[in-house]
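Record features, source TrEMBL:
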- B:1-21: signal peptide (SIGNAL)
- B:28-305: domain 'Ribophorin II N-terminal' (DOMAIN)
- B:316-419: domain 'Ribophorin II second' (DOMAIN)
- B:427-550: domain 'Ribophorin II third' (DOMAIN)
- B:583-683: domain 'Ribophorin II C-terminal' (DOMAIN)
- B:594-616: transmembrane segment (TRANSMEM)
- B:628-650: transmembrane segment (TRANSMEM)
- B:656-673: transmembrane segment (TRANSMEM)
Amino acid sequence: MARSTTKDAQALLHSLRSAYAVTPTNLKIIDLYIVFAVVTALIQIVYMAVVGTFPFNSFLSGVLSCVGTAVLAVGLRIQVNKENKEFKDLPPERAFADFVLCNLVLHLVIMNFLG
Amino acid sequence: MVRKFGFLVVAILVLASICESAIFNPVSESHRSAALEIFSPSDGSFGSLEETYEALRTFEVLGIENKPDIRTSACASVVDTIWSTSSPLKDLFHALRLNGILKCELNNEALGGIASRLKDSLNDANSLFDFHYSVGGLVLIKDQISEVDVHLEDADKKFRSIKALSQSDGRWRISSSNTESSTDAAGIALETLAGVISLASSEIDQSLIATLKNDIVKLFDGIERYEDGACYFDEKLVDASRHQGPLSASSSVVRGITAFAATTSESLNLPGEKILGLAKFFLGIGIPGSAKDFYHQIDALSCLENIRGSIPLISSFPATVLSVTRKDQFKVRVSTVLGSASPPLSVKLMQIFTSGSKDASVVDQKLKFDADNAVHVLETLPENVGVGSYIFSFEVILDNPEEKKNYATGGRTKVSVHVTGVITVDSSEIAILDSDLGSTETQKKLELPGENAISLSANHLQKLRLSFRLTTPFGHAFKPHQAFLKLRHESGVEHIFVVGNSGEKFEILLDFLGLVDKLFYLSGKYDIELTVGDSVMENSFLQPLGSVELDLPDAPEKAARPPPLPVNPYSRYGPKAEISHIFRAPEKRPPRELSFAFLGLVLVPLIGFLAGLLYIRANLKNLPKSTVPATFAFLFHLGIAAVLVLYALFWLKLDLFTTLKVLGLLGMFLMFVGHKTLSHLASTSSKLKSS
């Protein structure tokens, strides 16, 4: 039974990988960016777990920056994805401009909260 | 606190008893030296004519020979005033007065001219001052030269017009238009009327003089009195410009009645006691502080010295504290107010009161007259007078009974006398007794008053006894004001006990069993101090006797704590206690190496991202090549980088306002450039799609 489970998992991963291979490059870039942001957030959480919550505002600011930018990137990916029928008429440049603007505002707030 | 209050009450009572027997001293050398100080000329003169007259009159009365020489300037002023035709009446009067003392060179012609001027003003006079100056001036001229005729024809009429201004209470108004009357004006009026009487060419109606005598009697009825026998005339209406007060009012009245008494041959029957009271009032001032007061005092005293009918005689005492050890004797000096000799008289000691009690012993002892020093001496003190405070009551009796109508002696005079002496302290001893049995554990002899340094020890079951005897030089028992025993603990807490007496023997018994509570259960070394003192005891002492080591039981829970010791009032200016601040413990920070390690760790994902980008073969194919779009693209990226740098600066040192300002500017720039770039890209991709 275990062997079949392992085999199934392997098969699942393989199909996942091949399905992912056909995604367009720009979406892959965005995905990579999201992964980068989340990993950075995780590292900060680990650091906080080690040294304690002082100063708490800085920790929040750092984590929220990563999470916020990841969320905005997810929004960008949804809007840019050609297969998404909802945003068919929205040009991807416009979505990117929104992404940049929102990021700038997010980071202003983050920098203020950083202390 | 209670003791202090008691002492205060005693002091007040003593003071009250002294008030009845106050001491008045006649004019003395200190008056003369003070006069020279107070009347000191500035710029060679004393000021106005009036002030110059006052200064010179004071010097004349006091008999001061070495007065400042202002004769030339004063005489010049006098002559100017008299010769000038426009001098006011007041100045003429003062100039004539001054001339009376200085005797400047004035010929009969000048004085004659003045006399006629004064007579004219007298006819026109309607206010009291006009009358006063004119009549006064004429009297002065009469005294200075005899050739000029100054007699008044219608003296009766003048008398009546002045008299018309009098009030029913003996006071006078200044003029008929003035409704307020004053005592000062009464004195001036009396002086003026006396002048009118002396200048009258024909005899004045006796009834007028009788009414004037009545006025004087009414005036004297309104005299005010102090407790010590001094009398004065008070001014109800105080006019600050004329410098009025009881002194000037009384002085003015004295001048008036002296002048009046001099005009009549029969006596005025002035109340002798009130005249003596007035003399006491003037002498009671002591040495006045201002020139005006000085003049009033001295002038009034000189009038009293020569007043017809009741010249006051003042008794003064060189010493009222007599020491038995020095064998002092009680002396009385009787003189006139200015210090001149009195007529032959004798002083008799009639009664002696013991201070603080109502008993009096009748003595009737005559004092011996010492002609060399002009004092009456009590050779020996009566037998019942020992050491203590007494009030002597004595009487002055004139040798010649005929003189009684010329002098006012004042009946019985009281004076407070203190007889002091050395009190013998003997049979003094201190002992520690065992409680119930009364047997003596330790007994030590003391030497009082002398150095003692005994050391005793006792516990709370024992008693301490201190005893001594006090005897006066006459062998009687003596009770001092203060007989205190003080125990002071080494920590500073003090306890005071009063030593009681029975006759000569003074004894105090401290039963420690009953006193443990009062002593606050403090065991240890107590310093003993004995104080015996009195105002009539010449050898009062405050003596440390030694120490006693007390062993007291421990204090129970509810016992009173000893009172906090009085803090040295200057200690608050010393350095204050060090304040140790308690700071919040700083947060535990992680070690630096750990922080740097994580910093490196955080940068790893970024590297991973860049590596990943390479892996998926991300390219820059869509980057515009041609110039204008390329510039815009470049500027777009630059703009974003600039904003990120701005954020970095904001975190490091800028404040929000500056950041927002710059961000606004950069944002607008970025908007413009971004729009350009992205629209270019969009158009390129749509072209690609359509084609």
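Any Cβ shown, glycine's included, is placed from N, Cα and C.
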Next item on the list: Sort out the residues at least 6 away from either end of the transmembrane segment (B:628-650), same chain, that have Cβ-Cβ distances under 8 Å to it, and list them.
Entry: 656, 659, 662-663, 666-667, 669-670, 673-674, 676-677, 680
Notebook entry, point to check: Within the domain 'Ribophorin II third' (B:427-550), how many residues are helix, strand or coil going by DSSP?
Noted result: 4 helix, 75 strand, 45 coil
Notebook entry, point to check: For the transmembrane segment (B:656-673), what are the same-chain contacts with Cβ under 8 Å, counting residues 6+ beyond its ends?
Noted result: 632, 635-636, 639-640, 642-643, 646-647, 649-650
Notebook entry, point to check: What stretch of B:28-305, B:427-550, B:583-683 shows the most Cβ pairs under 8 Å to the domain 'Ribophorin II second' (B:316-419)?
Noted result: B:28-305
Item checked: Averaged pLDDT, computed only over the residues in the domain 'Ribophorin II second' (B:316-419) -> 84
